[in-house]
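Q: Pulled the feature table from TrEMBL, pasting it below:
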type     : residues : note
DOMAIN   : 45-437   : domain 'Amino acid transporter transmembrane'
TRANSMEM : 81-103   : transmembrane segment
TRANSMEM : 140-162  : transmembrane segment
TRANSMEM : 174-192  : transmembrane segment
TRANSMEM : 199-222  : transmembrane segment
TRANSMEM : 234-257  : transmembrane segment
TRANSMEM : 269-292  : transmembrane segment
TRANSMEM : 314-338  : transmembrane segment
TRANSMEM : 358-377  : transmembrane segment
TRANSMEM : 383-405  : transmembrane segment
TRANSMEM : 426-447  : transmembrane segment
Amino acid sequence: MASEANGSLANEKAPETVGVGRYVEMEQDGDSNTVKSRLSGLLWHGGSAYDAWFSCASNQVAQVLLTLPYSFSQLGMLSGILFQLFYGLLGSWTAYLISILYVEYRTRKEREKADFRNHVIQWFEVLDGLLGRHWRNVGLAFNCTFLLFGSVIQLIACASNIYYINDKLDKRTWTYIFGACCATTVFIPSFHNYRIWSFLGLVMTTYTAWYLAIASIIHGQVDGVKHSGPTKMVLYFTGATNILYTFGGHAVTVEIMHAMWRPQKFKAIYLLATLYVLTLTLPSAAAAYWAFGDELLTHSNALSLLPRTAFRDAAVVLMLVHQFITFGFACTPLYFVWEKLIGLHDCRSLCKRAAARLPVVVPIWFLAIVFPFFGPINSAVGSLLVSFTVYIIPALAHMITFRSATARENAVEPPPRLVGRWTGTYMINAFVVAWVLVVGFGFGGWASMTNFVHQIDTFGLFTKCYQCPPPPLPPATPLPFPGGLSNITMPFTGGLPPAAAPSPAHFRHQHRHHSHGL
C-alpha cells in the first residue's frame, strides 16, 4: 500500500509516508486505477495535510458551538471574545508542542528500526518513549478519561438537539437511541478513514454557526433584554473553562498526525484550523448573546431560544450527524487503547475488531444517562481534564524532554526564531503551565464543579429531560352549575368571615322556597 511506505523521518530523501494499521479494507489489491480504488481513495483513504486540517477543524468546533452563547452570558461580551482569542492561541501552541514530541519520538524509534506499519502511535506511547512509564501512566489516565467524557458529551448533545425537533420522547430516551447509533463507529478503522466524514462535518458546523448568527440578528433583541454578565465569579470561570475546552480538542492530535503521509506538515495545521474555527464561533456566540442576553443563563443550548423553522431543523439535523462523527473522533483512540490492552490491535479482521470495541461504548452510554447536563459538563471536563491533557502535560513534557544541552542539540525540530528559540519556548511553556494550573484548573475547577453540583441538586442524576420546558397545564374543567360556584348555596358558615355568614332567617327562607318547589 502506497500510504504505508516505511519512510524515516530522519532522512528527508526517504519516503515520509505513514501507515495507520493494515486493515483488510485498506489494502488495495490489483490495479490501482480501477473505479473502485479511485472512489475508495476519494472518500476513504485520507492522509494529506488537507485531511488533517479538516479533521482538526471539524473535531475542534463540534457541539461546543451551541454552548458558547451560554458562556458569553456568563462572561460578558468582551471577556467572551478575548478568551476565545487567547485560548485559541494557547491551544495552537500546545498542539504544536505535541507534534514536535511526536516527530522526536518517531524519529528515535525508527533509528532503532522500529516498524509502525501495523501500529498506531498514541500520545501515551510518545510520553513513554521520551520520558518513561510514569509519564505514560499519567498521560494515559488523563487522555482516556478526557476522551471518555468527550464521547459522553456528544451523546448528551445528540439528545439535547433532537428534542427540539421531536419532543414526543424525553431526552433520556433519545440518549438510549443515539447511544445505539453511535456504537456503529466501531466499524471505522482509524483516522485514516475519516476523509469524507471530516469534510462533511466541517460543512455542517459552518452552516450551523452562520445560521445561529444570522437567525439571532433577524430575530432581534428580546423585549427587555439584559446583558448583565459577568455577575458572579462562579459563572465567570465556568464560562472561561468552557472556552478552554473549546480549543482543547487536540487530545487526538497524535492519532491524526499518524494518519498523515507527511507528519512534518502538521505543525501549522492546527493553527490554521483554529483561525477558521474562530470565524464560526465568534460571530455566532456574539450574535446570540446580543439577541437573548441573560436568557442564555438558563438555556445552555442556544438552539432552544430560536423559533422553529425549516432552517433551524436543518441545523439540528446537521449537528446530529456531526456529533456522530465527533463521537467517532473521541472514541477511536479509546478503541486503540482497548485493542492494545486485549491484544487485538494487529488483527486484520474488521469484524473481530468491531466486536472487541463494543465494550468501550457501554460506560459512555451509561454516563451520558447519569449526567445529562448539557453545557455545565463541558466546563467540568475542561477544567479537570482538558487543562492537564491538552495544556499542562504537553508543555511540561516538552520542557523536560529538551532540558539537556545534548537533547536540544540533537532535536529533530528545534523551535523557530519567531518564538525566541529554546529560551523563548521555555518561557512560553512555563507561562502556559502556570496560567492553566491557576486559572483553568484552580479557579475553573472550583467554579465548574460548583455549577455541576448545583445542576445535580436542581435536576438530580438520571433526570429524564434536562432543561426541558414544563408541560402545559390541562385546561380547567367547567363546573356543571350555571354561573359556577357563585350560585351554590353554602349550608355552613365555617371558614367565612362573620360579616359574610348567612343569618338564620336566610336558612328559613331557603327552606320555605325549596318546600314550595317540591
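Note: Cβ is positioned from N, Cα and C throughout, glycine not excepted.
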Q: For the transmembrane segment (234-257), which partner among 81-103, 174-192, 199-222, 383-405 gives the most CB pairs under 8 Å?
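A: Out of the listed stretches, 81-103 contacts the transmembrane segment (234-257) most.
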Q: Look over the recorded stretches 81-103, 199-222, 314-338, 383-405 and say which has the most C-beta pairs under 8 A to the transmembrane segment (426-447).
A: 383-405
Q: Could you name the stretch, out of 174-192, 358-377, 383-405, with the greatest number of CB pairs under 8 A to the transmembrane segment (314-338)?
A: 174-192
Q: Counting Cβ pairs under 8 Å that are 6 or more apart in sequence, does the total for the transmembrane segment (383-405) and the transmembrane segment (81-103) reach three or more?
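A: Counting Cβ pairs under 8 Å, at least 3, so yes.
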Q: Between the transmembrane segment (358-377) and the transmembrane segment (174-192), are there three or more CB pairs that fall under 8 A, provided the residues in each pair are separated by 6 or more in sequence?
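A: Yes, the transmembrane segment (174-192) contacts the transmembrane segment (358-377).
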Q: Under 8 Å for C-beta pairs, could you tell me which stretch among 81-103, 140-162, 269-292, 358-377 has the largest tally with the transmembrane segment (199-222)?
A: 269-292
Q: Which one, 81-103, 140-162, 358-377, has the most C-beta pairs under 8 Å toward the transmembrane segment (269-292)?
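A: Highest pair count goes to 81-103.
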